[in-house]
Amino acid sequence: MAKNLILWLVIAVVLMSVFQSFGPSESNGRKVDYSTFLQEVNNDQVREARINGREINVTKKDSNRYTTYIPVQDPKLLDNLLTKNVKVVGEPPEEPSLLASIFISWFPMLLLIGVWIFFMRQMQGGGGKGAMSFGKSKARMLTEDQIKTTFADVAGCDEAKEEVAELVEYLREPSRFQKLGGKIPKGVLMVGPPGTGKTLLAKAIAGEAKVPFFTISGSDFVEMFVGVGASRVRDMFEQAKKAAPCIIFIDEIDAVGRQRGAGLGGGHDEREQTLNQMLVEMDGFEGNEGIIVIAATNRPDVLDPALLRPGRFDRQVVVGLPDVRGREQILKVHMRRVPLAPDIDAAIIARGTPGFSGADLANLVNEAALFAARGNKRVVSMVEFEKAKDKIMMGAERRSMVMTEAQKESTAYHEAGHAIIGRLVPEHDPVHKVTIIPRGRALGVTFFLPEGDAISASRQKLESQISTLYGGRLAEEIIYGPEHVSTGASNDIKVATNLARNMVTQWGFSEKLGPLLYAEEEGEVFLGRSVAKAKHMSDETARIIDQEVKALIERNYNRARQLLTDNMDILHAMKDALMKYETIDAPQIDDLMARRDVRPPAGWEEPGASNNAGDNGSPKAPRPVDEPRTPNPGNTMSEQLGDK
């Protein structure tokens, strides 16, 4: 940027100098007004007058010189001069030089060319590149001192680290692999959900490898000019060949490596041209020995099959969500830079954050540190981590939102309905927290936290989730009547309907339809797939699917209604507890379900306050329709209910 500014300043100074040299030359000597000149002529003091247009260079008889200008055309001037015997000399008007004439005639065109070059450089982001460098690669080569990340900074994905660490070992000691006839993979594709550490793992490879490391984004190839993408791919591999052995890292490769196909428009697809060139460079007629391509994406399903075949991306490394041990390791990495209180236990936090990615855990530690800073604390304690977890899972509190008592009561019944059904149906995740404080876009939230990491879900668990989703709407219907049911359950209905339809059409949980796939393919057209979609079911089958979905929802809807009707005393007691405390945790919910006095939440301002959640009769256990809930430690499915 500084070089460009200096260059333009130099050009401006040169142009100003040229204009000044081409301008009319100023006359030497002093200037005198025209009336004084006429008076001196009449007094016979002027010896010579050189007339050049309206300018007169005067030489007096005493040899003094000066210049004057004729303000208006004076027809008597020449007669007066001759009468007084003044020598009159006429001079032709000054003509511009040949160089000045050429410059003036070409200046507009040169100005337009300069403006065009300037804008082309700006559009290409070429602060330091020439106007014709569109096809040059934007890959940046990183050296050892530019990246400090190592494998020690990557945690929670040990298998992925082992896969990519093998590449680094090969680059350091290729003979150890070659003597056994082994060949290093030409390409490694890192696949995983967002935030799991794919790019961080690539940074660690760059920090560990002692070879040149080129990094580029998939969106840096294609721009406004045709052929730029393919040219940049060629240039990138040419640079890599000169620096071999080396590593090329392409982040978000799905931006350029999407599936080729029909698509829309029917015209030339610049992205396909770029992809074709990349396929040739990775494994074409000419080999690229010593160049390892590493790419990252969270959409492997949209990549072109030719890009994924052996010889291009030989190995796919799955970087998935971390398990409880991986989450603990990730938390310890991020906690190094945070002053911690003695009560901090990373294992406890890891068990309470199933489904969190590495980025989520980094955000958790940062939010906890911010909460501690707001409270002017010197260390971060478990209280701040609990607040940060609630904020990430349920959204930020909106205490400034004004709600009437009637709205609070309706929200309390709604959330209590979710919580009670979730505790009574089998195989459901435990209730972690219920609140009627508005969070995010919801007026209240019922959060279920799984007891462990889940891989799959049973039919019973899915039906329990459907019943729980309708618990909030049913609580409103039972308390206020069908005519006063609110729209707060709109998201619950949407989630339950999609869940039931998937059970019928994808997961084979319908006796009438059997274990067959009835769902339509949902690939987007712009991903290069065909525009036309085949219909694989008849109208009669579609009607049966709708009937099965409706029957599944009605069965679980009626089950939830029966559970709430049988436990109305708990519903009222939980509403009272929510109206008093606004937020209740698992211990308070345990007291309510057992019909005991509700203990106050931790940190409550009135430690002696209690709420008799039971009825006046003898305590009795809640009456579930199905068998009691049995914990499933292998399950990580959770819901954030309470769209109320």
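Cβ atoms are placed via backbone N, Cα and C, with glycine included.
If you look up Swiss-Prot, you'll see 1-4, 120-644 marked as topological domain 'Cytoplasmic', on the strength of sequence analysis. The transmembrane segment feature in Swiss-Prot is assigned to 5-25, 99-119; the stated evidence is sequence analysis. Feature annotation from Swiss-Prot assigns topological domain 'Periplasmic' to 26-98. Residues or ranges marked as ATP binding site in Swiss-Prot (evidence: sequence analysis): Gly192, Pro193, Pro194, Gly195, Thr196, Gly197, Lys198, Thr199. Among the features that Swiss-Prot reports, Zn(2+) binding site is placed at His414, His418, Asp492. Annotation source Swiss-Prot lists active site at Glu415. Residues annotated as region 'Disordered' in Swiss-Prot: 598-644. Per Swiss-Prot, compositional bias 'Polar residues' is recorded for 632-644.
Feature map: Swiss-Prot annotations on the structure.
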| residue | record | DSSP (3 states) |
| --- | --- | --- |
| Gly192 | ATP binding site | coil |
| Gly197 | ATP binding site | coil |
| His418 | Zn(2+) binding site | helix |
| Asp492 | Zn(2+) binding site | helix |
Legend entry - Among His414, Glu415, His418, Asp492, which are recorded as recorded positions, the nearest neighbour of Lys198 (ATP binding site) by Cα: Asp492
Inset, instruction - Work through the recorded positions one by one (His414, Glu415, His418, Asp492) and name whichever has its CA nearest to the CA of Gly195 (ATP binding site). - result: Asp492
Inset, instruction - Could you say which of the recorded positions Glu415, Asp492 has its Cβ with the most other Cβ atoms inside 10 Å? - result: Glu415
Inset, instruction - Starting from the ATP site formed by Gly192, Pro193, Pro194, Gly195, Thr196, Gly197, Lys198, Thr199, give every other residue of that chain whose CB sits within 8 Å of the mean position of their CB atoms, in sequence order. - result: Ala296, Asn298, Val319, Ser357, Gly358, Ala359
Inset, instruction - Rounded to the nearest Å, what's the C-alpha distance separating Pro193 (ATP binding site) and Asp492 (Zn(2+) binding site)? Just drop the number here, would you? - result: 25
Legend entry - Pairwise Cα distance for Thr196 (ATP binding site)/His418 (Zn(2+) binding site) [Å, integer]: 31
Inset, instruction - Whole-number Å only: compute the distance from the Cα of His414 (Zn(2+) binding site) to the Cα of Pro194 (ATP binding site). - result: 33
Inset, instruction - Over the topological domain 'Cytoplasmic' (120-644), work out the mean pLDDT and round it to an integer. - result: 81
Legend entry - binding-site residues (Gly192, Gly195, Gly197), the one with most neighbouring Cβ atoms at 10 Å: Gly197
Legend entry - Alpha-carbon distance [Asp492 (Zn(2+) binding site); Thr199 (ATP binding site)] in Å: 35
Inset, instruction - Would you please pick out, from the binding-site residues Thr196, Thr199, the one with the fewest other Cβ atoms within 10 Å of its Cβ? - result: Thr199
Legend entry - Nearest of the recorded positions (Glu415, His418, Asp492) to Gly197 (ATP binding site), judged by Cα-Cα distance: Asp492
Legend entry - C-alpha spacing of Pro194 (ATP binding site) relative to His418 (Zn(2+) binding site), in angstrom: 30
Legend entry - Glu415 (active site) to Asp492 (Zn(2+) binding site) - Cα separation in whole Å: 12
Inset, instruction - For Asp492 (Zn(2+) binding site) and Pro194 (ATP binding site), determine the Cα separation and express it in whole Å. - result: 25
Inset, instruction - Tell me the residue counts in helix, strand and coil for the topological domain 'Periplasmic' (26-98), as DSSP assigns them. - result: 17 helix, 24 strand, 32 coil
